[in-house]
Amino acid sequence: MELWNFPACSFFSDHHTHTIMPSLLSGRILHFPKLSATSSSSESYSSKQVKFPKKISQNSATFVRPADSGSPLRKTHKLNLEVSPHRAVSAVRLMRIEFGGAFADLLNEQGKGSGDNEMGYVERTLGFRTRDLDDRDLRLVTEVVGGTIRWRRYLDHLILSLCHDERTFRSMEPLLVQILRIGFYEITKLDMPPYAVVDESVRLAKVALRPGAGNLVNGILRKLAVLKESDSLPAVEVDGDDRQQARGLATLYSHPVWMVRRWTKYFGQDTAIKLMAWNNSYPSFSLRANTGKGLTGADLVSRLKMLKVPHEPSLYLDDFVRLKTGMQNVIQAGLLKEGFCAVQDESAGLVVSIVDPQPGENIIDCCAAPGGKTLFMASRLNGQGKLFAVDINEGRLRILRETAKLHQVIDVISTVHSDLRTFSTDKVVEWDKVLLDAPCSGLGVLSKRADLRWNRKLEDMEQLKHLQDELLDSASRLVKPGGVLIYSTCSIDPEENEERIEAFLLRHPEFYIDPVNKYVPENFVTNRGFYMSNPVKHELDGAFAARLVRFQ
């Protein structure tokens with residue numbers, strides 16, 4: 001069975017296959033986990049087109065005997081204080097994301113300890129350490145990594161234009177490409193002083209690769225700085241027929257061509273452009289106060305004020321607060337580890353409003369992991385009723401249980417490790433409410449999942465639709481007469497949303513649509529009575545939900 005990475009909930013196992021890559025530096029072997037559903041844009045730099053050199057001058061080590069002379073020798077890698085720590089960490093993290101299948105984790109939930117983890121990756125990859133990361137460095141790494149991934153296609157267009165020779169660009173070492181992308185992003189999008197960017201980038205290229213790489217970086221970045229200063233960056237042509245326009249817009253707004261064509265088809269070119277602009281903006285995050293512990297939105301606001309974190313209340317949900325900045329402060333203050341609150345977008349919270357959990361009800365969450373909606377629903381039961389959380393990923397269910405204990409809602413939650421398609425044929429229990437938060441393309445959450453646009457492929461859509469139909473059929477068997485089936489996704493794609501419901505109703509005339517206007521504000525309700533959160537219209541993640549009732 002093919003392995004997938006689904007952003008909303010994990011349905012298939014996430015045991016990744018592994019590929020062995022030659023080290024970029026010294027002939028060492030690095031093991032990167034590889035996700036099977038990843039790809040790059042055809043015009044973008046690709047790992048299949050590069051050569052991996054066997055060299056390194058800085059992978060030196062010394063052996064130090066601790067003060068206790070009886071202790072064994074220990075190996076310490078070289079410490080380089082000249083290389084910028086945020087630049088080294090950003091370059092290595094980008095390598096892990098593009099070639100190793102790691103995620104662009106915009107929320108580094110390991111807080112202050114994450115600096116040591118990141119420097120460990122630098123040491124293992126480059127063969128040396130820099131000075132330790134401080135809080136400012138960590139914030140800058142998050143900004144640089146997320147932004148460089150978002151703008152990758154456009155940055156590659158600029159780099160290729162300044163190389164004047166496509167073969168030069170295609171033959172660059174992967175690390176060299178990442179160093180250039182970071183430099184181009186910082187100069188063109190962050191407006192950092194070019195002299196500082198050039199100096200730091202050249203230094204990293206020389207130390208991590210070779211002097212010639214530093215010279216190449218120096219020449220290309222200096223060209224960029226001159227063009228930026230004179231407001232004459234290489235233009236992107238968006239004229240011509242529909243295909244040519246799509247390719248131009250895909251480069252200008254840094255998205256895959258197939259997404260541009262698909263969104264233009266369904267929403268029109270103006271909305272497609274606005275969607276891409278939203279995806280390229282720095283994301284806001286929402287926090288939900290943990291009412292399972294008896295906390296309220298007012299309690300959360302009070303803590304945020306103490307931390308001096310800018311915030312504003314949700315326009316749509318009690319106990320939700322929206323943040324544009326300051327998430328690292330929240331993490332480092334321990335609010336998440338304490339179970340004081342949870343990170344949850346309002347668009348996901350509104351799906352729980354549509355489920356409308358009531359104390360005493362029997363509810364099943366069919367694709368529960370990682371558990372955000374499960375925990376919110378459990379808190380709404382007020383200790384009365386039962387919530388079954390089904391998922392095929394046992395490891396993520398274990399995390400869900402641990403989080404449920406932390407949030408003090410474990411008493412109403414039972415986890416079930418199973419494939420829903422098997423579970424629904426083996427069980428005769430019928431539930432009051434059945435939530436299917438289905439595996440989907442994640443096209444509604446591209447602002448937060450910066451890497452997802454490059455990992456998702458057009459051919460994924462057909463396979464996802466088939467899977468969604470299978471899961472809907474399975475979930476429907478669990479609904480009692482008069483009970484409710486809620487289908488939701490974090491996608492804005494009509495083929496994953498409205499079309500799946502219409503097809504389901506043709507197969508299952510025993511269900512009918514229950515309009516969601518009783519549960520969410522009217523401006524989220526479609527003509528057919530479905531829920532749709534639109535990033536352009538609502539400034540939230542994109543999401544969809546349908547509420548279906550089984551005839552008595």
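Cβ from N, Cα, C; glycine included.
TrEMBL entries are annotated by machine, without manual review.
Features as listed in TrEMBL:
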| type | residues | note |
| --- | --- | --- |
| ACT_SITE | C490 | active site, nucleophile |
| BINDING | C367, A368, A369, P370, G371, G372, K373, D391, D419, D437 | S-adenosyl-L-methionine binding site |
| DOMAIN | 275-551 | domain 'SAM-dependent MTase RsmB/NOP-type' |
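Of all the Cβ atoms in the protein chains shown, 15 others lie within 10 Å of the Cβ of D419 (S-adenosyl-L-methionine binding site). Here the residue listed as 'active site, nucleophile' is positioned 21 angstrom away from D419 (S-adenosyl-L-methionine binding site), judged by their C-alpha atoms.
Of the listed recorded positions G371, C490, the Cβ environment within 10 Å is emptiest of other Cβ atoms at G371. If you draw a 10 Å sphere around the CB of C367 (S-adenosyl-L-methionine binding site), it holds 25 other CB atoms from the protein chains shown. A separation of roughly 14 Å, to the nearest angstrom, links the Cα atoms of A369 (S-adenosyl-L-methionine binding site) and the residue listed as 'active site, nucleophile'. Between the two most distant C-alpha atoms of the annotated S-adenosyl-L-methionine binders (C367, A368, A369, P370, G371, G372, K373, D391, D419, D437) there are 19 Å. Restricting the average to the domain 'SAM-dependent MTase RsmB/NOP-type' (275-551) gives a pLDDT of 96. Cβ neighbour density within 10 Å is lowest for K373 among the binding-site residues A369, K373.
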